[in-house]
Amino acid sequence: MEKLICMFLFLLLLVPPFTSAGHDYGQALSKSLLFFEAQRSGYLPHNQRVSWRAHSGLQDGKASGVDLVGGYYDAGDNVKFGLPMAFTVTMMSWSIIEYGKQMAASGELGHAMEAVKWGTDYFIKAHPQANVLYGEVGDGNTDHYCWQRPEDMTTDRHAYKIDPSNPGSDLAGETAAAMAAASIVFRHSNPVYSHELLTHAYQLFDFADKYRGKYDSSITVAQKYYRSISGYNDELLWAAAWLYQASNNQYYLDYLGRNGDSMGGTGWTMTEFGWDVKYAGVQTLVAKFLLQGKAGHHAPVFERYQQKAESFMCSCLGKGSRNVQKTPGGLIFRQRWNNMQFVTSASFLATVYSDYLASSGRNLRCNSGNVAPAELLSLAKSQVIQPPAFHFVVRVLESKFQWELKLDMLNLQVDYLLGNNPRATSYMVGYGNNFPQRVHHRGSSIVSIKVNPSFVSCRGGYDTWFSSKRSDPNLLTGALVGGPDAYDDFADERDNYEQTEPATYNNAPLIGILARLNGGHGGYNQLLPVVPATKPVVINPRPSPNTKTTPSPASWSGPISIEQKMTTSWVANGKTYYRYSTVVTNKSNKSLNSLNLSISKLYGPIWGLTKSGDSYTFPSWLSSLAAGKSLEFVYIHSTSPADVSVANYVLA
């Protein structure tokens, strides 16, 4: 017996320590959303929370005669790549569609919707004509030659597009999916904007389907960075699935039914899901339609989609015929470069499918038998693993006794990336006490332009900042870096781009998982998801010349409230006009004796206010506004609502 104890203690010393503390998923969600603000390009809004960033890319598209200011930088460089940006927006939207209630309960729904709108506002600009889509701004080769802040960049900002002569069905299809998914997000809170997004989605899908081809054959500069290995059939099915979910239009359901076999939707058994390969996502969505009872005569085809979706789930659980690889610490492992993208995307699919099954009262069917939805959810939260480093058997025969000691370690998939791993390292920057300090990211690694406005040259940035062994001067809060290798090893070095570079598409699925883990299920029927209404935040709205734009209520957090709504619209001479009603309310217990409103982006007549210099004040028949009382003014123009805010006021 003493021999057994000694052997056990010796083996126990070989086991690396795991952090066992619980995690604050709400805090992690908040930090994850902050990362998107650090990745913004263009004119930053007044409510920008990542204060070390400033305006950048303000001439984007100008040389091509199009306004392409805005959007997101994908990772640690300053290029705007359309395909991963669109996937990012699709996954952020899906996260909100499924878990918007949980986000609202934690106070983060507004920030999540801001993040989506920052992307879709850019896509509206990038889609100036039905069959034209700009898919990249900047060149990865010249950009990577330099190490500069976005605010300083001197690299080429050429804009690359696809059109009927140079098609890109994968790029147009993913952007259609993003616009369709986002239209669901804004359906209740901003219906006109939702309609605009859906119109773009329709056009982009038609463009993608009619003029077929791989986008990187047209935008060849993308090949080295975001080559479309899977082709475009998966994006066409993906876009059709999102258009059906957004529109309930039978055409898109029929498209999925007719083309499921020929385009690989029912044939490919996947072990990955990400910005390139969408099949597992398509299969999960179509399985949802089947569970909702919407398949109709396509049921046999949709059942084959579902079989492939469940094969993916089983492979992630280690209960399929071809299982995903995992590190000794239990992390899903696909590739050396930015492996974390596959961890979050696969975990998201497992999370939503678990809830779909729970809502339908079904179990997952794997080769090893039925699996309860709760066990599938554990792929994202917890899964029991038995890797060689953590599982051992000790047998000691002493007279009448045979002893067997078996050590099983519980791995937490999301908790792994938050710090419960063999290195006790959080791979989310700013979360926990031990996180990456030298991130492969130009903006965070160079002193903020607001602290030191001195110009950072192209190569000078490498000499001074890239090569520095010091921690980043700017904390890239919420960024999920590429993560450890196949053996759970990680080197926190700025030049280790495979492990220390973050990406927007790492975080996009993660926000949904964190919202679900933080808020629980709450008894919601995931087969009937409802996005809760919220006041949308307008960030530099720019009207599209060919489509309707977005009315959005103004807001004011002080004693004066401002509420806008569109009351009617009509078409005259081929142009759509909107009538907006704006109500200003004195919420204080004092009389409002003076008021000046700032109104910008107003392109038509206004009634009910008096112009006073650069602002507007009470109408001639009103000298003050009593406590609790309101005044109303109206205006008409042919675009999104004007920006209305309080410039100054006097209470007495």
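Residue positions begin at 1 at the first shown residue.
In case you wondered, yes, glycine gets a Cβ from its N, Cα and C as well.
Per TrEMBL, signal peptide is recorded for 1-21. Sequence annotations record features per position, and here TrEMBL assigns active site to HIS440, ASP492, GLU501. What TrEMBL lists as region 'Disordered' is 539-558. The compositional bias 'Polar residues' annotation in TrEMBL covers 545-555. Among the features that TrEMBL reports, domain 'Carbohydrate binding' is placed at 560-640.
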Have a look around HIS440 (active site) and count the other CB atoms within 10 A of its CB, chains all included. 23
Would you mind ranking the active-site residues ASP492, GLU501 by how many other Cβ atoms sit within 10 Å of each Cβ and giving me the lowest? ASP492
Composition by DSSP (helix, strand, coil) of residues within the domain 'Carbohydrate binding' (560-640): 0 helix, 51 strand, 30 coil
Predicted model, mean pLDDT over the domain 'Carbohydrate binding' (560-640): 86
Between ASP492 (active site) and HIS440 (active site): CA-CA distance (Å): 9
Round to a whole number and give the Cα-to-Cα distance in Å for the pair GLU501 (active site) and ASP492 (active site). 10
